[in-house]
Each structure stands twice: as C-alpha cells, then as structure tokens.
C-alpha cells in the first residue's frame, strides 16, 4: 500500500482595451461599430503588461505544481524503482512506452516494438499506437534522443517537466480566454489566481502526471481561447484564417492525446448546435468548426491505424447529420415565431434520427464494440435498468465515476469562485433566453428607438458560446466527478469574465437605477482587484505552508515485489493480477502482462474479467485453466483486494465477481433471489492454506504483508 510520510531530515487597469459597452450584438451578423481603437501608447503598454503577467503566472503555476510533486515524494532523492511505482495504474502503463522508446536500440526499433507489441497482452500481438493515445510519449522520447541533454537531464525529468510546462500553457490559455471575453487582462489575472487557489478541484497533475487528461486539457483550453477569438465580430479574413488554423491544430492535438476526445468534442458540438439553432452564432463559422472537429478526429484516426472506436464515434455521426440536415432543410431562420419554432423542432428531430442511423450503420458494418462498456455504464448510471454487467458495475462503484461530492462546492465557495460563478451564470442565462426568444421572433431585426432600444438585451457570440460550454460541461461534472476538471477550470474563466464585464454590470446597474458609464467602469475594474487581494490575503499563508511541507514516498512492499520480480523471474515470464498493479509490473520490470488498465477494448475487458476469477469463488482447476489459457507463469494476489474494505458490500471487486458469476455475496445483507451459493470457497483465500488440491497447480514463491506470488505448475 503506497503512502507518503513526513520526510526524515538527513540526507494597471486598461480602459482602452475595454470592449465597447454599447455594442449591439443581438445578431452575430449585425453591423456594429466598435469604440476600440488600437495603436495608442496606453493600449500598447497595457497589452504588453497583460502579456507579461500571463506568461509569469503560467511559469509560476508550473513551478508551483513541480515543487508540490517534489515535496510530496522527495522525487529527486528516491530510487528509480520508487519513482516508477509513483506512476500509479494507467499512468505507469503510458510511461512504460516512453521508457521503452528511450531504451530501444534505435528509434525505428522502438517504433517497431510499439506497432508489434507482444508484452502488453500475453499470447497476443497488438498495435499500441492504434489502441492507445501514446503519440506524445513517442514524440517526447524521440525529442529526448535527438537533443543534447542526456548528460544534464534524466529521461524521467524531461518527461515530468514537459507535463508541468504544459500547465503554463493551460493557465495562459485560460487567462487569454477571460481577457478576450471581458476586454481587460485583470479578468485573466483573476482567472489564473482562482485556478491556482482552487488547485485541488482544477487539476491533479502533480500526482497523476502521465494521465491522458494532463496532456489534453491544455490543448483544449487553447482551442476554447481560439474559438472565443474566432467568434468576435469584424475579424479580417487573414485573422479568421489564422484563428481557424489554431483551432484545428489545438483540436487535433487534444484528440491525439486523450481517448475520451470524441465525447468531449461531442459536448462542444452540441453547444455549437444549440447556439446555431437559436441564431446566436454566425452559421458560417459554426460550419467551419464542425468540419474542423471531423477532420481533426479523422486525422487522428489515420495516425492510429484507423482505430475503430474513432470511426464509430457519435461525434462524426452527429456533425455529419447536422451538415446533411442543413442541406435538406433550408430557410430555417426565416418566418414567424411559431413557424421557426416548428422548423427548429423538426430540425432537431431530423439531426437526432440521422445521428442514430449513421452511427448504427457504421458500427454494424465495421463490427465495432470498443465503446459498448461506456454506454452500458451510462445506461445503468442514469437509472435505465439495473445491470449485472461486470464492466459497467466496475465503473459505477468507482468514486471517480460517481456524482460530484457536495464538499466540492464548499471548497470553491471559500475562494468566492462559486458564488460569483452562480451570479454571473444566472444573469447570462437570463440574457441568453431573452436573446434566443428575440432571434426566434425576429424582434432583433427591428431597429427601435428611444426606450425600446434601451430595453434590448444583447449577448456577444463569444460570450454565448462560453455560457453554453460551461453549462454543458457543468452537467457532465455534476454527473461524473472525474470530469470536473473540464468544468472547474472553465468556471474560473467564466466567473472572472462576468465580474469584469459590462454585459453583466450594465443591466444590473440599470435595474437599480444607478447606471452611469463612469460608475460601471469603476465597478468593472475595482471588483477583480478587490477579489484578487482577498484571495491572496486568505490563501497565501496556506500556499506557503503547503510548499514548506516535506514528505517522502514510502511503499516498501511494492518496492520489494518489483525487485524480487526483476531478480528471480526470467525476462519472458508472464504475470497475471490486478490491472492496476500489472501496469507497474510492466514499467518496473518489463515482464509480459495478461491484462492492463487501458480498458477500451472488448477482448481485453473479457480477458480481465477472466483473470479476476482469482478473487472469485472458483475451483483451483478452473482458475488454473483460465490462467494457463493466457500463458501465465506467475499470478500476484493482493490482500487489499481479497479482503477489501474500501468499498461497501456490493461494490467490492469480489462482490462484483460473485454477482456476475451468479453467486451469493459475502457478509450480512440482502442478495438477489436468483443468486446461489458457490460450490467452492474464494480462491484468493483458500490458496494460502496450501491444500493439496491447490499446491498441485500453484506454488507460493514470494510473499510479504501485501502481496502473494504463486508460480503455476507446468503440467503436460
């Protein structure tokens, strides 16, 4: 069991950049005159200062998380095996391919080993570049080999420093997005401060470094910043083309680095679709964004040797359906309110039907089943029937895939982030509903005078996009805790933008009859300054205490296990066990595995369920036969799983296996009526008794307080 223990001592504001408060952006294609004038000395100075602050905050964030990682593990002082063990579960699996590429005799040999890999899944050759998103490890390993840095920097530091460096990109992208929305870099400053002070809920990079989301989210933030800029009015053609190129590159890199890319981009496509339906975004720009999403994903598909999960993604089916539906249904944005509403409903139904038909057709013809476990999980999670499916229940019982805990909002409220976010979200949502109604009814076409014009509610396209984006990803985070990092980081952007936005303060001040241009600007620029000062005053001492707290990596049982495997088993030995532990076995020892944590493959899921029978109530003959079928030489049993107490009854791994096998669960509590007692005791408990029926097949060759390793007999 890994722990960390206490380390032992020994060894200016810028009014000129403000977005014009009088802009009338009811329709994205409306002709609006801007008060913005560039080229003034103050504008240049302000932009320069804002840029310097953005880069400085990005670098400080990188140094901050790197220091936390070092202080928590004493990474610079521990042994290599301990460093590798610190990359837990799938993190260790991904890092193992970087290590494999570094240790290969040549780049070509390293690539060949990934394309024709027979050590990740025993008795099977798989293409790692097709199955997993590890191009970043490939690129980084090649970069390390060709740069003259081997004498000065260890491979592991080159890897982790790159990830920490991406945090700088992440913070700068959030800063720029908020700046673009509000027109003042004070908004970006506040967004970055909130991101740092809410670190527990905005990132987990310091303790899950190689996780795919830590590679992908910085690129996603860059993409959102580019889309925000793209949706501004009156861009020059050259600016628009350059921005589209940035959006494409960021979308491509995001898709290349995370296996869940298609689901995140689908939510983004839904946001664009909703806004386009209500005529709140320029249709031409939305079309380009649909095309960029499809082309970026298809390019990744090609690089991943035509990965079937990408070809059968809902995103490609949805985007294609939207583009097809547009050609079938023309003049969607003309007519009276009722006429447009009816056409809009028909349009939505057509898109949904086309999406399901296209997706079903593709999956049936290509025989795709890679992502079926996700839909089983979603079906069970949202109450569409109970399930005994092992894979679905494995996800349902993990805290990371449960609902967002309520204490998250308490932590976010301590920095005032959640309170301000809700305030801004409420006002912007009301404005969006009114603008959507105006657009559908055609009232935005009427050029009113006097009081009518004063009452007209406006919402810029870039603000409208970020509003729907935060709402949809908010629902995702509320339903699945693991996805909260997509929401909380954007929450920092959205709340800081609202606090510095004329779009928020102008209607508020008008409602209480206190509006003047000067008063609005005073509030707009003073509120972020006051908030930054408050957050700094309250959390700076805690951050300093955190940075001064020194701990040390401590997991002697796992270190002992890995050293024993390297010293006492042949290089060709095949190991079975839990997928989390086996990822570490591959990284630390290079031995062949029977299964691993990258779960996006149907055959692997079935294989894992079979291997996990070592924790079920099965006969020794059954377990031996199963392990033999996967070429297993050694099996590792973990007491933390066999006698698990972390989960409640019904969610322990042994309970999931018992239910899937039709057996009654252990302990006090109810069982479903059709479950039967097993004819055999639990294997992981009984094998330790050294009974003849077990020792004929399994010989214990290693044990400590946590692990038991058994060697399988070689029967003819």
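Cβ from N, Cα, C; glycine included.
Look at TrEMBL and you will find 1-35 tagged as region 'Disordered'. Marked as compositional bias 'Basic residues' by TrEMBL: 1-10. Summarising the annotation, TrEMBL assigns compositional bias 'Basic and acidic residues' to 21-35. Sequence annotations record features per position, and here TrEMBL assigns transmembrane segment to 44-66, 215-232, 244-275, 287-316, 337-358, 416-442, 463-481, 487-505, 525-543.
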Leading contact stretch, 215-232, 244-275, 287-316, 337-358, 525-543 vs the transmembrane segment (487-505) - CB distance under 8 Å: 525-543
Any contact, the transmembrane segment (463-481) to the transmembrane segment (44-66), with at least 3 Cβ pairs under 8 A: no
Within-chain partners of the transmembrane segment (215-232) [C-beta distance under 8 Å, separation at least 6 from its ends]: 28, 136, 163, 166-167, 169-170, 173-174, 176-177, 180-181, 240, 243-244, 246-247, 250-251, 253-254, 257-258, 261, 264, 281-282, 285, 289, 460-462, 465-466, 469, 485-486, 489-490
Same-chain residue ranges lying at least 6 outside the transmembrane segment (44-66) that approach it to Cβ under 8 Å: 12, 14, 16-17, 160-161, 164-165, 167-172, 175-176, 179, 185, 188-189, 192-193, 195-196, 199, 203, 205-206, 543, 547
